[in-house]
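First comes the structure, then the notes that go with it.
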Amino acid sequence: MNTTEQPNTTDPVVARAVDLFKQYGTDDNAVIALNHINVEFKRGELTAIMGPSGSGKSTLMHCMAGLDTPTSGDVFVEGLEVSSMNQRQLTKLRRKEIGFIFQSFNLVPTLTAKENILLPLQIAKRPIDMDWFNKVVDVVGLANRLDHRPSQLSGGQQQRVACARAMMEQPSVIFADEPTGNLDSRSSREVLSFLQQSVREYGQSIVMVTHDPRAASFADRVLVLADGSITNDMQHPTYAEILEVFADREEEEGEEEQRAEGEAR
Amino acid sequence: MIRIGLRDAKAHLHRFVMSIIAIALGVAFVIGAFCFRGMLNDQVSQMMATNADADVYVRSTIVSDKHEPNTEVKFSDYESLPVSLLKDVRDVPGVTYAGDAQMLTNIVLVGKNGTAVTTMGPPTMGIGVSKGSWRGAKLTQGHWPEADNQIVLHSGAAEQSGLKVGDTTKVVFPDGPRDMKVVGTFTTDTAQLGAVIVGLDPSLVKHYVEQEGESTDEASRFTVYGNATTPLNEQQQQQLADRINKALPKDSHAIAVTGDSLRNETTKTTQDALGFIQPLILIFAAIALFVGSFIIANTFTMIVRESMRGYALLRSIGASPAQVFMTVVVQAIVLGLIGSVIGVFLGWGMLELIAKGMGSMGMPLSGSPVPSVADIIIGVLVGIVVTLIGASLPARRAALAPPIQAMNETVNPEKPVRRRGVIGLIMIVLGALAWWFAYALATTGTKDTAFSAFDGLHAGWPLGVGAGLVVIGVIVIGPAIVTPVSKVLGWIPEHMFSVTGRLATRNIARSKRRTANTAAALFVGLAIVSCIGVVASSVKVSLHDLVDNNLNANYVLKSASMTTSLPKKAIEEVKQLDDVDKSARLETLMGVKYDNKMVMPMTTSADLFESISRIRDSQGDPVQAFKQGEAIVGKTMAEDHEWKLGQTITLKAENVVVDEQATAQAQQQYMADVQARVQAAQQKAQQLAAAGDLAGAQAQGQEAQKIMEDAQHVDPATLVRTTKKVVRENVRIGAIANEALYNDSMFLPASIADKLTPQAMRLTQQMYVLAKPGTDLETLHKQLTDIAKPFYTIAVLDRDQYKSSLSETVNQVLAILYALLALSVVIAIFGIVNTLALNVSERTKEIGLLRAIGTSRGQIRGMLAIEAVIMSVFGTLLGIIVGVGAGFVIRAVFSNQGMTTLSIPWATLLLFLALSIVVGLLSSVSPASRALKQPVLDAVKSE
């Protein structure tokens, strides 16, 4: 094994982006999604990335998780350079260092809840710690739903299974892409409190993309993106503080639009 | 809307490749099936026009007892005509030639290299030819035969033998080889399908025809030409026939018919005989088209699902469901058209290849393999219809897309498969019952079933009905057994690759109908092949067992062709060998009837039953009975004729024998005739001498001398007169043998046989030779081959060679079948590839998710490979089970017709199973690559 691939677990920073630049299309059609971003995600924190559609928040997360390759700049997870990894290394990274929770379609429909939760460990042929499994299942409150297929579970339950699956691996960092995007407010609260709990009690690091200020208010830290750049970086903001940031932004945008329309006339 | 459809078709063309290949293959098979038949028909009618090219035929009006009741009366079903009638025909104005063409089919031509010219199957024919007797034959070199030792060769025969005009070679006749000189070659307008045609002097042919015991005073029909060079048209033929009919004596029972009427009939008969090939090809066409329509349905399902948003948009701006339907159907039509056109050419090319192949195997064809307009239209129509059927369901789904379609990945759950399971199960049970019934019919006899309605029913009927029910039943039940079967089949992969194995096994059961349909293509092909494999293997093993258990002979002498006897001289020489302990030849007596039905009794020596091939299970003591002059009858034959042990039966034989009196009379007549002519010439010489014309007198004197000399050299055969003699003999059935080798045989002791049938009307095809104990077998073998060599037509076989000679045909049938299987496997691979591709496209997100949580590329490939293998093993196993079952029942039903031993070719079946695993693995390669090409991000993005 290459020594550079050994993760450094004592580093307080679990994931880092250096001068990250991502551009879609070329020349006239070029759209800049990430404009030279530098950011560090702390170990044992729940970080929320916010921003309007097209702000680049999803792109940032996808680049961080090795799902997308940046045009330039580097991504490190646990000190490993993700942006230069090949498929084999990426697979290994996903097995050991990264967990995922998506907005929808998180589960393999042919497998039961329990099988879904254990799937990553089995795929990686890692031993299963049943104590940890019972604990995780207990925390997400799914103990009596383990033999159900995803189609027999509600959206909230499915998402909690997805959380349990991500937790089961005890990865260095969990990336959650709009985990509450398809849920009603009660289910959202359940999922978010579980995420919060896993950070507080088990020291899990989580990076979550959301456009919902209510969800972001559960986070330890909130990053706000606009037009490919980080515009705000708030520690433990309240719901009101977050709303305020967006209210300002909307006003600005409204004014800009009016100006543009006026010029067009 | 049509424009949108066309544009979509263009955009999707690359996805249509597989569908186009499938449709093209299916259509190619259909075209092949029809054109192959067309080509053979063409060939047969061409050959008829050349080989039976008379303008008018004269035949008898009396239907002979050869005619099978309740069937159409054919030309061959009429009695023969007295040759004396030819005189009347020849006198009719407009007749340029009238004759009675005769033919020998039991000769062998020895080629330039000194070995017999043999063919894969086409016969060697010796035809009596003289100038004008065969208008279709055109002399290319030399002249027609003028003496008994001259032959002319058809161009095909000359090519196969390597002989040229002027060469001397041997022709093996029933009484041995004769030296012959090639005096000419001729061609016919059509190729002769590899038949070796040798033109002989008509009197020589006549000589041998008489030797065979057939009358030469009678001919089955006369050939009449109305023009020496150009054929008459139908109207002219009719006019000539009318004139001849007027000239024929009223009491002659003869009628002249046009040449066309005979040609049409014979052509039809031959074509019917070749008709079996077409359904065989059509079965495989059906498989190809079934898979094709299925692949198309899959492809369109993929396309429609991907375009759903587009259809929703079209609907929301006011397009009607019918219009959306059209956009999909237009694509199907384009696809079907392209596939069909390619298929037509593919089928045509396939036939050209077959024609070439047959040509290189010694069966040149001059029939045209070019598909007719009707064939092309049928092919294209079938292709388009199949495409439309395949596309209709997905198109319907597109048409019913709600104007605002919330795209979601969750596929609608399948309709339950329980109903299909129940219906399929009922069909399989009914089919199995039919099989059991067939088995019962065959084992307990058909005469006496519990239900009078079934009495006399042939076991073949329930057998066929049962096979049909089981095959369709299995296809119907298919989706219902996917889940349990995938659990069973998935057991091994689940234990070898726990996660991927489990995912694959569950995926298989997700769209049960699709999985089952994919497997069905392999199922049908393998069922056919395994069934025939079991039957063929049983036949082979049974034959080998017979030789191993029942035959003690060390060597078997076999006649090289079906129609020639072993030469008597060779038989005698073999008998004289010191090393030969016992020998027995099997002589079939021709023309023997019981109750007006042909029976083919054989005669042999008691040694056969005493030491060479003992009968172990019989009623009565066969050896004793045979020695006492009683007959031994096989069990099946006895049952068919309802003969009992000890019964005396009367056999009737109709022989042609030399009519001594008439021959003497003919010879006297001839001598008197010659004398009269000599006297006339001498008288004339005397008169001329008296008149002083010395030169003239001398010439006449020489003429008289020449007539005398000619008379001395005349072939006595031409003066032989024959007559028909009916012999009836009573024989007691002394033993009924229950021995597979003899089940269909009847053996008569020499005492009876000699009274019934003269030597000339017997066919000796085999002779068994048993060596003296302690003999050096190699020396004996050499002695036997030395004896056989000069006769060219005797094969000396040791036990192993004899065994393989028995199973040769079986092996040829198997080879053809395996070739067809290979084709159906190729099609099945397309089916699996396509199904997997559809599955992958439906599961894009799921595969992305799996990748995101750490599934490696290898694991994804492994999962899809396992899915493909389970699918192909599923079809293969079902096919093998049903095929072996069918083979088992067929073997049991026909056990008394030579299939005494059941043999299941396990090694071959295991090979099929192993191949199906390879097929599955291969099929998964491209869909897996497609699945991996999709970026993980695309798969899991929520937008």
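Glycine is no exception: its Cβ is also placed from the backbone N, Cα and C atoms.
Curation plays no part in TrEMBL annotations; they are all automatic predictions.
Some features that TrEMBL has for this protein:
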COILED    B:664-691  coiled coil
DOMAIN    B:17-197  domain 'MacB-like periplasmic core'
DOMAIN    B:283-399  domain 'ABC3 transporter permease C-terminal'
DOMAIN    B:516-657  domain 'MacB-like periplasmic core'
DOMAIN    B:819-935  domain 'ABC3 transporter permease C-terminal'
TRANSMEM  B:16-40  transmembrane segment
TRANSMEM  B:280-304  transmembrane segment
TRANSMEM  B:324-350  transmembrane segment
TRANSMEM  B:370-391  transmembrane segment
TRANSMEM  B:422-441  transmembrane segment
TRANSMEM  B:461-482  transmembrane segment
TRANSMEM  B:516-536  transmembrane segment
TRANSMEM  B:815-841  transmembrane segment
TRANSMEM  B:862-894  transmembrane segment
TRANSMEM  B:906-925  transmembrane segment
Interface present between the transmembrane segment (B:862-894) and the transmembrane segment (B:422-441) (three or more C-beta pairs under 8 A) | yes
Best-packed against the domain 'MacB-like periplasmic core' (B:516-657), counting Cβ pairs under 8 Å over B:17-197, B:283-399, B:819-935, is stretch B:819-935
Mean per-residue pLDDT in the coiled coil (B:664-691) works out to 82
Residues of the same chain, at least six outside the transmembrane segment (B:16-40), with any C-beta under 8 angstroms of its C-beta?
-> 9, 271, 274-275, 277-278, 281-282, 284-285, 288-289, 291-292, 295-296, 299, 335-336, 338-340, 342-344, 346-348, 350-351, 354-355, 365, 367-372, 375-376, 378-380, 382-383, 386-387, 390, 823, 826-827, 830-831, 833-834, 837
Near the transmembrane segment (B:461-482), which residues from the same chain, at least 6 beyond its ends, have a CB less than 8 A from one of its CBs?
-> 417-418, 420-421, 423-428, 430-435, 437-438, 441, 508-509, 512-513, 515-517, 519-520, 523-524, 527, 531, 874, 878, 882, 885-886, 889-890, 893
Interface present between the transmembrane segment (B:906-925) and the transmembrane segment (B:280-304) (three or more C-beta pairs under 8 A) = no
Residues of the parent chain within Cβ reach of the transmembrane segment (B:370-391), under 8 Å, 6 or more residues beyond its termini = 19, 23-24, 26-27, 30-31, 34-35, 38, 289, 292-297, 300, 328-329, 331-333, 335-337, 339-341, 343-344, 347-348
Taking DSSP states H, G and I as helix and E and B as strand, how many residues of the domain 'ABC3 transporter permease C-terminal' (B:283-399) are helix, strand and coil?
-> 100 helix, 0 strand, 17 coil
